[in-house]
C-alpha cells in the first residue's frame with residue numbers, strides 16, 4: 001500500500017453505447033477516508049462511471065488504479081474482491097434470508113463442513129457495532145426491514161468483504177427523513193474508519209452536509225472537481241446545468257389571488273388519517289408537509305380513491321362527490337401524479353404518445369377528440385426531450401419520464417391535481433421546469449396539492465403549507481415559512 | 001448515425017423478424033417445390049393455415065394483456081364435437097347451432113376471464129383447468145367417441161370458396177374470414193380498448209391508476225380468444241371433419257406462433273399482424289417438413305425448439321435498459 005497514491009484514480013475514461021459517447025476522458029480521484037460527491041444532471045454519465053467502477057460496464061479507454069495498482073474489471077465480482085462495493089438503488093439482498101446470512105452470502109463461515117450460524121451472527125454484530133448501528137438485529141429477516149436498514153445491511157456486507165471504497169447511488173432517494181439522519185451518521189462513521197465513499201445524489205443539501213470534495217459531470221465530460229468549502233450551492237447548480245438558475249422557485253404572478261374552492265375535504269378519515277379538513281382554491285398551491293408516515297401520501301391516495309376516506313365528505317367545485325376509486329376521482333376532475341413513476345405512473349415499454357393519452361383512452365368520461373388533439377401540444381409545452389412521440393418511455397431520463405406522467409394528467413384537463421413527490425430522482429434542470437409548470441397550472445386556475453419530502457420544495461413553491469403529524473393536521477403555515485417552523489409542527493411540538 | 005442505428009434496431013426487432021422468417025421459409029418451400037406458388041396450391045395452403053392464424057389473433061389479445069389461454073385447443077375440439085352432435089346431419093339446424101357455438105365460445109372466454117381477473121387465479125392455472133374440464137366433459141357427453149355429423153352448409157366455410165377465379169382457382173372462404181379477422185384485430189388494437197389492453201399488459205398498476213378497467217379489458221381478451229377458437233372450430237370441422245382428436249395440442253402450436261411473432265410473454269408488446277404471421281411461418285414450416293418427407297411426429301419437438309429460441313432471441317436483443325444508454329440530447 002502506498003501512502004501517497006490516492007485510493008482510487010480513474011483517468012481518461014471513455015465509454016460509448018451503440019456508438020453514442022456517454023463518457024469522454026473523465027478523471028476521478030478519491031482519497032482514503034474521503035466522502036466524494038459525484039453530481040450532474042441525469043444523462044451526465046454519473047451512473048455509467050459508477051457502473052464502470054463496479055465492474056458492471058467496462059470502459060472503452062482509460063485506466064483505473066486502486067491503491068496505486070492498475071485494475072481492470074470485467075465482472076462485478078472482480079470489483080468486489082478488489083474492495084469496491086456499490087450500493088445501488090435496487091438492493092442485491094435476498095429478502096427471505098436474515099441480515100447475517102445476507103452479509104455472508106457465498107462466504108459463510110463453516111465448522112466441520114456446516115455453516116457456523118453463531119460465528120456468522122457474531123461477525124455481523126461486530127460489523128454493525130463498528131458502524132454504530134444498534135437497532136438492527138443480525139437475525140432479522142431482510143424482507144421485513146425498512147429501506148434504511150436494508151441499506152445498512154448492504155453496507156455491512158460490503159465492509160465485511162473488506163471494501164475500502166463504498167459507492168452509493170442516490171442513497172436517500174427512498175429514505176424517510178428520520179432515516180436520512182441515520183445515513184448521515186453512517187457516512188460519518190465510514191469516514192472515521194478510513195473507508196472512502198463515492199456519493200451520487202441530486203440533493204444539494206446532502207452533498208454540502210456530507211461531502212469533502214465534489215466532482216461535477218456534464219454531458220459525459222468532467223466539468224470540475226472542487227473542495228466543498230470552496231463552492232456554493234448556486235455555483236454547483238450553475239456548473240451542472242451550464243447556466244445559472246436565477247431563482248429556484250417561480251413566484252406567483254402578481255395580482256393573482258386564489259379563486260373559488262375547488263377541492264374541499266371535511267373531516268376526512270380512514271385507517272391511516274383522521275380529522276382532515278382541507279381546502280384548495282383555484283390558483284392555489286397547497287403543500288402537504290410531514291415526516292414519512294405522517295399521512296401525506298395517504299391523503300393523496302384517499303382523495304384519489306386508491307384508499308378512500310371512510311369518514312367525512314369531499315367536494316369538488318362545490319359538488320359533493322363520493323370517491324370510491326381512481327375512475328371516480330378522474331371523473332370528478334382529480335388527477336394524481338404518483339410518487340413512484342416507474343411502478344405506478346408509466347407503462348415503460350409503451351411509447352411517449354401511448355402513455356400521454358392513457359388517461360383519455362382509459363376513461364370514456366374524459367375522452368374527447370379535442371383533448372386527444374391537444375396531447376402533442378402539452379408534451380412540447382413541457383419541453384419534453386425525446387427522439388419522437390413513438391419513442392418508448394423507458395429510454396427517457398427520469399425528468400422526461402415525469403413530464404410524460406404530468407402530460408397524461410393534463411390531457412384530461414383536471415380541476416384538481418395532486419402531485420406526490422413530483423421531483424424525486426430527477427435532475428436540476430427538469431426540477432426547475434416542473435416547478436414553473438406547477439406554478440403555471442395554478443395560474444390557469446387549477447387547485448394544486450403538492451407533497452414533497454424535501455421541505456425546501458414545499459416551502460418555496462406552496463402558497464400555504466399544511467403540516468401533518470401522525471395522520472392528523474398539526475398546523476398550517478404560510479408559504480415561505482422556515483424549515484424550523486414546519487419541523488416543529490411535523491415533529492408534534494408546538495411552535496415557539 | 002441515429003438513422004443507421006434505428007434501421008439496425010428495426011431489422012432485428014422481433015416483430016419485424018417474423019416477416020423476414022416468413023420470407024425465408026417460403027423461399028425454402030419454393031426451392032424444394034417451385035410449383036407451390038401456383039395459385040391453387042397457394043390457396044390450398046392458406047385455407048389450411050387459416051384456423052391457426054385466426055387462433056393466433058385471439059391468443060394475441062390474451063397474451064398482450066399479460067395472460068395465457070391454454071384452453072383454446074380443447075375449445076376447438078369441443079366446438080366441433082358439439083356441432084356434429086347437435087346438427088346431426090340436419091341442414092336446417094346449421095344456423096341455430098352456429099349461434100349456440102358462438103355463445104358457448106363467449107361463455108368459455110367469460111369464465112376464463114372472470115376467474116382470472118375477479119378470483120385472481122393465474123391464467124395459466126385457470127385455462128389449464130378449463131382445458132381439462134372441456135376435454136373431460138366432451139368425452140363424458142359423447143361417451144368417448146364423437147357422434148352425429150356436420151351438415152353440408154356448415155362445412156362450406158372450411159371447404160369452399162369463390163370458385164373458378166382466374167389464376168387462383170378457388171378463393172377459400174377461410175382465407176376471406178382470416179383476412180377479416182386480421183383487419184378487425186388490427187382495428188380493435190387501435191381503439192381505446194386495444195390501447196388499454198396493451199397498457200395493462202405492460203404495467204397493470206399504472207393502467208388501473210389511470211382509470212383503466214383492467215379486469216374488464218382482460219376478460220374481454222379471453223372472450224375474443226374464445227370467439228377465435230369458435231371460428232377456428234367451424235373452419236377445421238368443415239375442412240377436416242369430425243374426430244375425437246380435433247384441436248389436440250393446438251394451444252401449444254398457437255402460443256408458439258404468437259411468441260414467434262415477437263409478442264412477449266407477460267404482455268405489453270408486439271403486434272397482432274406479427275402474431276398472425278408467426279402462425280403462417282409455423283404452417284409453412286410444416287409444409288416444408290412434408291415436402292422433405294420428414295415425419296409429422298417431429299412437429300412437437302420443432303415447436304418446442306422454436307418457442308425457446310424465439311424467447312431467447314427476444315431476450316437477447318433487448319437493448320441496454322439503462323437511461324445512460326440514450327443520453328438526453330440537449
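Placement of Cβ uses the backbone N, Cα and C atoms for every residue, glycine included.
Given the ranges B:220-243, B:268-291, the record in TrEMBL names B:220-243 as transmembrane segment.
Within the same chain, the transmembrane segment (B:171-189) packs against the transmembrane segment (B:44-63): three or more Cβ pairs sit under 8 Å, each pair at least 6 residues apart.
Highest Cβ pair count under 8 Å relative to the transmembrane segment (B:249-265), across stretches B:12-32, B:93-111, B:220-243: B:12-32. Through the fold, the transmembrane segment (B:70-87) approaches residues 51, 55, 58-59, 93-94, 97, 100-101, 104-105, 108, 112, 124, 127-128, 130-132, 134-135, 137-138, 141-142, 146-151, 154, 225-226, 228-230, 232-234, 236-237, 242, 244-252, 254-255 of its own chain, all at least 6 residues removed from its boundaries and within a Cβ separation under 8 Å.
Relative to the transmembrane segment (B:93-111), the listed stretch B:220-243 leads the set B:44-63, B:123-142, B:220-243 in CB pairs under 8 A.
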